[in-house]
Amino acid sequence: MSEEKSLNFIEEIIESDLEAGKYKSILTRFPPEPNGYLHVGHAKSICLNFGLAQKYGGKTNLRFDDTNPEKEETEYVESIKQDIEWLGFQWAEELYTSDYFEQLYQLAVKLIEKGLAYVDDSSSEEIAIQKGTPTQPGVANTYRSRSVAENLQLFADMRAGKYNDGEKVLRAKIDLAAPNMLMRDPLLYRIKRAHHHRTGDDWCIYPMYDFAHGQSDSLEAITHSICTLEFVPHRPLYDWLIAQLDIFPSHQYEFARLNMSYTVMSKRKLLKLVNDNIVSGWDDPRMPTISGMRRRGYTPKAIRDFCERIGVAKRDNLIDLSLLEFFVREDLNKKADRRMVVFDPLKVVITNYADGQLENLSAENNPEDADSGTRNIPFTKEIYIERDDFMENPPKKYFRLAPGQMVRLKYAYIIRCDEVVKDEAGNITEVHCSYLPESKSGDDSSGIKVKGTLHWVSIAEAKHIEIRLYDRLFTAEDMDDTEGEYTDYLNEHSLQVIQKAYAEPALLDATQQTPYQFLRKGYFILDKNSSPDHIIFNRTVGLKDSWAKEMKK
Ligand code: ATP
Ligand code: MG
């Protein structure tokens, strides 16, 4: 990647705004609705909003967009804060749209006073019909010509709880013939008796997104309000409200949302996976949530690098999951200590190694990190290797263990297979090998070179661990382009559990946040449910690196 990156379109706008002296400094915001856990699409928005502020010496507010009382919970607020901090960002102020309910109410009153809003008694069905269609203008109902005084009274009565839910709404009075349907007298307030996670039962009317969002931006003096492309048609309304109310001129800019292959990224759909127990929770390591990715062992740096690399687009596109995995490997390769773990054991007896002998072989923790130190690996007469590292009748160019063939045991010796032992049914139960004493790792005096190097563990010293291997959650590459229910496309093999794998003892130095590379197997991290009696490791990502080529271009 070249060092001098060209500016993205939002950076261009900010630079020209700053040059023109439009703002002294910039203020962005990240405005999650606390109705679920954050996913990697939100990470994109976080990296963008916080990243721009950092780059231009500005600030970013965290604003919880909590205007839908039924769906919102404090648990989500806490998880969102944790995820943003984990990603490495700090907000200037923690704010809530609900803190502005009184100010928003007063702004609505101001619109009524200017003759620009009215109380409508129509049902939502009637309103939809009266709005017309994109090719047919809407028609005004009698409520549209209510006087300012009557509207002020009715709106106050709505607030005071005189009407039932849905009985009345407050609408902006704009243009029932506008080509943009959102400008045909959009709803500003609705009546909803619902307990709010912060304001309790103080309010029975709640502002609609379009009224709350832009006005909150303005109340905070947000300079650049960045959102995703589906809000393009809302921009005229955003601008209209700010102009009519004559409040701080925040501006809205839109970029393409992040869509990733083999997953879904709507909180509603993710919530259903949680509620239906299809996954173990919001932080299930298969989930595209930030908490799932954290539990799986993805690093904040990998996610940030990924977001930086995909940039800001103006058109929707589908990003390959393997690009994110590429950045995870890049980061972990430098950070992860190496360990040996055998998943499917085959017993190897080294016949010329003394019974009861134990050598502590010293091995570096991470060849990519000179400061990572060393560990001891016990070597004994009986070891496990991976069952699929042995073949009784191998094809040509098979460099792993086979009768009469030699391999190197990583960090240890060269061994040769002398005998295959089978049970009565003909299954291979163990193989007998001899080792070359002068071939110890680092000692070339045997003069023998072998092509295959295997990982292994001492049977007597090995620790038992459970391994969880994860695969993509869905089977369709572009989940937005599928028919039927998204749950029809769940990958049945997204979780594979290996109940008993065998690990070298040094693995148990692991603490929650320590990533490891299991040689030839991938990157792994201790799961949050692991305990000393039941050790569980999650596979973060395998070693295969199909994106490396792409990235070097
Ligand atoms: P979802 O559809 O997953 O519920 P949302 O847009 O309703 O997402 P919000 O909590 O409203 O979720 O989003 C907070 C911010 O994150 C918004 O500015 C939104 O535009 C942005 N965002 C949400 N999803 C994505 C995505 N996939 N890519 C980029 N930004 C996103
Ligand atoms: Mg939303």
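Placement of Cβ uses the backbone N, Cα and C atoms for every residue, glycine included.
Features reported for this protein in TrEMBL:
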DOMAIN    26-333  domain 'Glutamyl/glutaminyl-tRNA synthetase class Ib catalytic'
BINDING   Glu33, Pro34, Asn35, Thr228, Arg257, Leu258, Met265, Ser266, Lys267  ATP binding site
BINDING   Asp65, Tyr209  L-glutamine binding site
MOTIF     264-268  motif ''KMSKS' region'
DOMAIN    336-435  domain 'Glutamyl/glutaminyl-tRNA synthetase class Ib anti-codon binding'
DOMAIN    453-527  domain 'tRNA synthetases class I (E and Q) anti-codon binding'
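On the structure: features taken from TrEMBL.
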residue	record	Cβ contacts under 8 Å, 6 or more apart
Glu33	ATP binding site	Phe64, Asp65, Asp66, Thr67, Asn68, Lys71, Glu72, Lys267
Asn35	ATP binding site	Asn68, Lys71, Glu72, Glu73, Tyr76, Lys267, Leu271
Tyr209	L-glutamine binding site	Asp65, Thr67
Arg257	ATP binding site	Gly41, Lys44, Thr228, Leu229, Glu230, Met265, Asp316
>> Just to be sure I understand the packing, how many Cβ atoms besides its own are within 10 Å of the Cβ of Lys267 (ATP binding site)?
In response: 21
>> Given the binding-site residues Asp65, Tyr209, Arg257, Met265, return the subset with CB under 6 A from an atom of ligand 2, ordered by sequence, or none if empty.
In response: none
>> Neighbour count, 10 Å Cβ-Cβ cut-off, for Asp65 (L-glutamine binding site): what number do you get?
In response: 21
>> As a check: which entries in Glu33, Tyr209, Arg257, Lys267, the binding-site residues, place their Cβ less than 6 Å from an atom of ligand 1?
In response: Glu33, Arg257, Lys267
>> Can you work out the mean pLDDT of the predicted model over the domain 'tRNA synthetases class I (E and Q) anti-codon binding' (453-527)?
In response: 94
>> So if I draw a 10 Å sphere around the Cβ of Met265 (ATP binding site), how many other Cβ atoms end up inside it?
In response: 19
> Three states by DSSP: which one describes Lys267 (ATP binding site)?
Replying inline: helix
> Listed ATP-binding residues Glu33, Pro34, Asn35, Thr228, Arg257, Leu258, Met265, Ser266, Lys267 - what's their greatest C-alpha to C-alpha distance in Å?
Replying inline: 19
> Per DSSP, what is the residue count of the domain 'tRNA synthetases class I (E and Q) anti-codon binding' (453-527) in each of helix, strand and coil?
Replying inline: 12 helix, 31 strand, 32 coil
